[in-house]
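Taken verbatim from Swiss-Prot:
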BINDING   ARG49, THR50, ARG99, HIS126, GLN129, ALA250, PRO251  carbamoyl phosphate binding site
BINDING   LYS77, ARG159, ARG209  L-aspartate binding site
Amino acid sequence: MKQLVSMEDLTNEEIYSLIETAIEYKKGNKPNKFTDKYVSNLFFENSTRTKCSFEMAERQLGLQEIPFETSTSSVKKGESLYDTCKTLESIGVDALVIRHPQNDYYKELEGLNIPVINGGDGSGQHPTQSLLDIMTIYEEYKDFKDLNVLICGDIKNSRVARSNYQALTALGANVKFAAPGEWVDESLDAPYVKIDDVIEETDIVMLLRVQHERHDGELSFDPHEYHEKYGLTKDRYNRMKSEAIVMHPAPVNRGVEIDSDLVEAPKARIFKQMKNGMFLRMSVITHILAEKEEGVIFDVAN
């Protein structure tokens, strides 16, 4: 795996391999340290979980991080994304983690000779979020075939919905969407349903934040009405299968996508997803750098 910009780039075998490595890290297996490697995290959108998770993963792997802040960089002087990245490559950075508001920004970076890991591009792709979600599901079910997955919320503007739909469908899951009519994404070939019609048969309920920053113009939005129609209420939670799970990529708007009392309820896996994120991102970085250097993944001395 030379880089990771889209879930469409991964085969099912590669997905399983990444998950297996992440699980080994989670069990305590020691990584092969990349102490002579440099990484830079370029976040052009706000982030808590993804940015901090990558930073933790990089430290666990022994990588040396070259700090980058958009507010103090030459981007403010009009420098292009490509020239910024080419500059970092030129001074010796070995890999880049990038989040950017532009869909498919990585297509402009094909002239780079170092790997790019996509930390999210507009409403396009969020591959490491999808992989950590898949890891979380795998730990619960060990298989994806015929699992019923319901993704609820702002489908049209969600890179998480797109990445997870593509990956979970390829792995054999049955994916359905629930969303207001104006947030339907017709490019994704999944049925749209009413939550109350399918909640009892669903194995995974995946809730999405409303992407206010990606809506053009004024957004007519009533949080209470949205919660009643598309959120996970206590009644819906109680109607779920006993073994079903609740997921959310976060940040969570309590009382909107999900009742506040349910965020840490027994079926919720929201904070487990966050924990898995560090191990999964360690796995992604390791697979990319180990392949680049033809090295080993685990420290054989441990």
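Note: Cβ is positioned from N, Cα and C throughout, glycine not excepted.
Since we're looking at a predicted model, the values are computed, not measured.
Here the features listed in Swiss-Prot are placed on the structure.
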{"residue": "ARG49", "record": "carbamoyl phosphate binding site", "contacts (Cβ under 8 Å, 6+ apart)": "PRO249, ALA250, PRO251, MET274, GLY277"}
{"residue": "THR50", "record": "carbamoyl phosphate binding site", "contacts (Cβ under 8 Å, 6+ apart)": "PHE43, ARG99, GLY119, GLY120, THR128, GLN129, GLY277"}
{"residue": "LYS77", "record": "L-aspartate binding site", "contacts (Cβ under 8 Å, 6+ apart)": "none"}
{"residue": "HIS126", "record": "carbamoyl phosphate binding site", "contacts (Cβ under 8 Å, 6+ apart)": "ASN118, GLY119, GLY120, ARG159, VAL160, SER163, PRO249"}
{"residue": "ARG209", "record": "L-aspartate binding site", "contacts (Cβ under 8 Å, 6+ apart)": "GLY153, ASP154, HIS248, PRO249, ALA250, PRO251, VAL252, ASN253, GLU257"}
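According to DSSP, HIS126 (carbamoyl phosphate binding site) is assigned to coil rather than to any helix or strand.
The DSSP secondary structure for ARG99 (carbamoyl phosphate binding site) is strand. Under DSSP, PRO251 (carbamoyl phosphate binding site) is assigned to coil, being neither helix nor strand in the three-state scheme. For the recorded site, ARG159 (L-aspartate binding site), the DSSP three-state label reads helix. Its Cβ placed at the centre, ARG99 (carbamoyl phosphate binding site) has 22 other Cβ atoms within 10 Å. For PRO251 (carbamoyl phosphate binding site), the number of other Cβ atoms no farther than 10 Å from its own Cβ, over all displayed protein chains, is 12. By neighbour count, meaning other C-beta atoms within 10 Å, the densest spot among the binding-site residues GLN129, ARG159, ALA250 is GLN129.
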